[in-house]
Amino acid sequence: MKIATFNINGVKARIETLCDWLDDSAPDVAILQEIKSVDDGFPRQLIEDRGYTLETHGQKGFNGVAILSKLPLEDVTRGLPGDDADEQARWIEATVVGDVAVRICGLYLPNGNPAPGPKFDYKLAWMERLLARATALLADEMPALMAGDYNIIPQGMDAARPQVWRDDALFRPESRAAYRRILNLGFTEAFRTLEPGAGHYSFWDYQAGAWEKNNGIRIDHFLLTPQCADLLAGAWIEKDLRARDKPSDHVPVWVELRP
DNA sequence: ATGGCAGCTATGAGCTGA
């Protein structure tokens, strides 16, 4: 089973890119972020025509996450537990029922800039709630993964120019420590586990020729529970998509799970 | 990453993103 996470930066602006990608790359499951659309505004028919079941958790204008699957989806939940007042659509869960059932959590972690400030506080508070959900997932002792745009540069090697990001919310010590606390519960970060080298990125800014200069960062990640890590057969970044017409500023990151 | 780009919005100049 091949699973991809992809921050598409607006489903209405990216629908042609998204459909071409589904046709060409054929993920069994796609976890999308920044759909920037309410649920009713999602071009559902184009997705279903391609054989996908679609579950969305949208919001007007910003944020918004979705899960697409060629296999049945069960037990869908929306919203990260822990703060009923949080209205930002950044979390969706569903169980994919294939040869083995896998709990899929799709996330769009807050950016947090400028730091310090209220947006940075929201990021860290959100990560505390993520830690709690991650702890509960581990306690279930089932194959499960949390994937999406983490807005975290885990290490210096995950940025072309790490010194530029030193004070940024994506790289500040508090952000990376919060990310490590989750990892250290016992999760496996799929890509880094299989690819120890530097120079692999999942985002290049639209500005200042970042793509042409390969001035990227790696901020889209798959975190696997031990039972899911046992199934890990591959992990890669679909970098080529960034060079196409009307690209997102992110590219898809993949894992393959094999029972 | 510095403004420069891109997408969104009670259509418009302002917000958000990373």
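Placement of Cβ uses the backbone N, Cα and C atoms for every residue, glycine included.
Unlike curated records, TrEMBL annotations are generated automatically.
Worth saying up front: this structure is predicted, and the values here are computed from it rather than measured.
If you check TrEMBL, you get these features:
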- A:4-250: domain 'Endonuclease/exonuclease/phosphatase' (DOMAIN)
- A:N7, A:E34, A:D149, A:N151, A:D249, A:H250: Mg(2+) binding site (BINDING)
- A:Y108: active site (ACT_SITE)
- A:D149: active site, proton donor/acceptor (ACT_SITE)
- A:N151: site 'Transition state stabilizer' (SITE)
- A:D220: site 'Important for catalytic activity' (SITE)
- A:H250: site 'Interaction with DNA substrate' (SITE)
- A:H250: active site, proton acceptor (ACT_SITE)
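Overlay of TrEMBL annotations on the structure.
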residue: A:N7; record: Mg(2+) binding site; Cβ within 10 Å: 26
residue: A:E34; record: Mg(2+) binding site; Cβ within 10 Å: 24
residue: A:Y108; record: active site; Cβ within 10 Å: 27
residue: A:D149; record: Mg(2+) binding site; Cβ within 10 Å: 28
residue: A:N151; record: Mg(2+) binding site; Cβ within 10 Å: 26
residue: A:D220; record: site 'Important for catalytic activity'; Cβ within 10 Å: 26
residue: A:D249; record: Mg(2+) binding site; Cβ within 10 Å: 18
residue: A:H250; record: Mg(2+) binding site; Cβ within 10 Å: 23
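According to DSSP, A:D149 (Mg(2+) binding site) sits within a strand segment. Taking the centroid of the Cβ atoms of A:N7, A:E34, A:D149, A:N151, A:D249, A:H250 as the Mg(2+) site, the other same-chain residues with Cβ within 8 Å of it are A:N9, A:Q33, A:Y108, A:F203, A:I219, A:D220, A:S248. Rounded to a whole value, the Cα-Cα separation of A:Y108 (active site) and A:D149 (Mg(2+) binding site) is 5 Å. Taking the Cα atom of each, A:D249 (Mg(2+) binding site) and A:D220 (site 'Important for catalytic activity') are about 12 angstrom apart. Residues belonging to the domain 'Endonuclease/exonuclease/phosphatase' (A:4-250) score a mean pLDDT of 97 in the model.
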